[in-house]
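Below is one structure, written out as C-alpha cells, with a few remarks after it.
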Amino acid sequence: MADVSRETPLVEAEPDGVVDAVFGARADLARQYTDALAQHGEERGLIGPLELPRLWSRHILNCAAAAPLFDGRVGDVGSGAGLPGLVLAIARPDVEWVLIETMERRVTWLTEQVDSLGLDNVEVVRTRAEEWNRGPTLDAVTARAVSAFRTLIPLTAPLVRDGGEVILLKGANAQAEIDAAEKAIRRFRLSDVSVQVVGEGVIPEPTRVIRARVR
Ligand SMILES: C[S@@+](CC[C@H](N)C(=O)[O-])C[C@H]1O[C@@H](n2cnc3c(N)ncnc32)[C@H](O)[C@@H]1O
C-alpha cells in the first residue's frame, strides 16, 4: 500500500486562460519550466513543498506580471530556482537577462533550465552580488525574496548604469520597507522611489514592486 503520509502535495492546476493571456506564444515554454520545477524543485532544494499548491499563482504568474516593466539588459540578483529571472526571460525574449546567483547547485539548475528551454537571451553568472566585477553596466536589476529593500539596495544599485532602475518584487510590506530604507536610499542616490502594483485584473494575486531610479 502507498505511504500517503509521504505523498507530494498536489501542484496547483493551471488557472483557466491566464497562462496563455500572460505568456502568449511562449505559454508552452512557461508550462515546461513550471513542470520541471514541480517535478524536481523540492528534491533539489529549490522550492518548499508548501509552495507547490500555489506554484502558478504565487510564483510563476506573480513574476510574469512584472515582465512589461523591463527593457535592455537586466540582472536578477539571487535568482534561486529562476524566480523571477527565468520566468521573465520566457515572457520577454527581447530583453537580455543575467541571472546572478551565488549557490553552485542553484547555478547548475539554472544552466540546465536555460539549455532545456532553449533560451538564448539568458546568461547565468555564479557570484555574490557584492563581488560583481562588471561595474554599473546593467539597465535594470531585479530581485525577489532575497532581503529587505534596505539591504537589497547595496546589492543591486551598484550594478545599474546611471539613469537605470532597480525593480524589486515585494509583498504587502513594500511601503514599510521603503520607509525603513531612508539612509540607503540617500547613500546610493536613488530617486523616484515608489510602489507599483502590476497584473491587476489579469493574474490571481497582483504583484507589488518597488521601483527606484539610480543616480
Ligand atoms: C530565498 S532565495 C529566493 C530565490 C528566488 N529569487 C525566489 O524568489 O524564489 C534567495 C536566493 O538568493 C541567493 N543569494 C543570497 N544572497 C546573495 C548574494 N549576495 N548574491 C547572489 N545571490 C544571493 C541565495 O543563494 C538564494 O538562491
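Cβ coordinates come from backbone N, Cα and C, glycine included.
Residues or ranges marked as S-adenosyl-L-methionine binding site in TrEMBL: Gly78, Leu83, Ala129, Glu130, Arg144.
Feature map: TrEMBL annotations on the structure.
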{"residue": "Gly78", "record": "S-adenosyl-L-methionine binding site", "CB count, 10 Å": "23"}
{"residue": "Leu83", "record": "S-adenosyl-L-methionine binding site", "CB count, 10 Å": "22"}
{"residue": "Ala129", "record": "S-adenosyl-L-methionine binding site", "CB count, 10 Å": "21"}
{"residue": "Glu130", "record": "S-adenosyl-L-methionine binding site", "CB count, 10 Å": "10"}
{"residue": "Arg144", "record": "S-adenosyl-L-methionine binding site", "CB count, 10 Å": "24"}
Record-listed S-adenosyl-L-methionine binders Gly78, Leu83, Ala129, Glu130, Arg144 have a maximum CA to CA distance, in Å, of 20
Using DSSP and collapsing to three states, where does Ala129 (S-adenosyl-L-methionine binding site) fall: helix, strand or coil? helix
